[in-house]
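Residues annotated as domain 'Choline/carnitine acyltransferase' in TrEMBL: 6-570. As annotated by TrEMBL, active site, proton acceptor applies to 314.
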């Protein structure tokens, strides 16, 4: 099934929607100046840039990309700071994989191998969205292995040779040895073991063989590598990691280890000690040693509790695809009787480092740990009115955004910019669009709600405006990506424009709250990522029958009034639903 090319929205429509998004965030004087500049831009360089972007879109469509593809990937690959502290995500997943222990770990690995190898064989079923539309399958290529390879200015994506495809997005390949069979990496106590996981025909080894191999790893009486785990270098940003990796791989042994790591389908971290959920989540997302952070996916499983997770490098894959992968893991059918197979032998992989390089890595890793220690996750569970009790259609997404907006007003006295990700994979090479839920109608409603004077008309206006934003984004008529495309064209043409320097545009893009949701908790339970602004929060929200869980990701040193905001999230939910109950009659 083919997917639609990503259209370029009309310029006038985007400029008008930009004004509506900026209006609640700036003062009257700034808004007036913004309107003046928008009129000028819309009649002068704006149409030229729009025409150039439309022409570029046609050429990119013909190549199987979109007008956003290259710039979007560049935006990720030019990030120089540590990925776990910037763009990567730690997802807690769920599945009925048995009781905690090696058997459950083996079942996770078997299921993951089945899903990854199916993708390598090009047999992944066509995914469709909730409305039945086929989605672009490019993001599934991250299951084929490979690595994000750090370089001084811009990283590159490397994929194994067996994963060769006609994808227009692939940049380089790293050919495996001619007789290579699929391998994974197993992290245990900070050490990495290479483990064959499939046959030469790209089929997974039997579950029993996987379990025996994992048991062989777990039962090795190796001391924990705490100061410098195998994956420590991968937690460093590209600017620091690239020269260190170059020096490391000047040694032939290390070069072979790195090539082997590149070919691995995925990595799995086997955790021994039980922990509270938030502690697990913070460690999986931010702590050194839980992943090779430049691999697309590192799974994690605890042997003593029901913790399951995925550490995801975000440059080539978004949350909606990870949600589908988590669902695919659950759907794998494990044969009742498996043919006998020789147990694969785990092989420890190590780095050969001289004392100077080791000292530099230790120092850089210590600096990373200091920064990572500032990140935390705070869980808040707030009430939810059952759909049957609501007087009319109120989407859970709109309700949660209104709750967060009311909490902002109650805590800080004013609203600031909010980002909400919208899946765009129904378009060719689609990634995400940005919904801007802070609207004049929403702000007017929550201010009135805070003061006890809200009306049904204000409420329905806020809901209608949110719904219109959703429709605009899903039809590829959002604001943020279009303005990014226009700015990119302007830079390529050497054309400077004061429009792109507008304070109102900066205010809209400064996300005090970076928010995202992937629905219920039946596949992904919760997740963690670094806030995108020092003062703000990253908020993930999940719908349950009796409430919403919000995971508020924060910085201990700079996020503004976490306790007050968290308290007001609960109070805001109670206030919203109390108001809704008054409408029932």
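For all residues, glycine too, the Cβ spot is worked out from N, Cα and C.
Within 10 Å of the C-beta of the residue listed as 'active site, proton acceptor' we count 19 further C-beta atoms, all protein chains included.
In this structure, the residue listed as 'active site, proton acceptor' belongs to neither helix nor strand by DSSP; it is coil. Over the domain 'Choline/carnitine acyltransferase' (6-570) the predicted model carries a mean pLDDT of 95.
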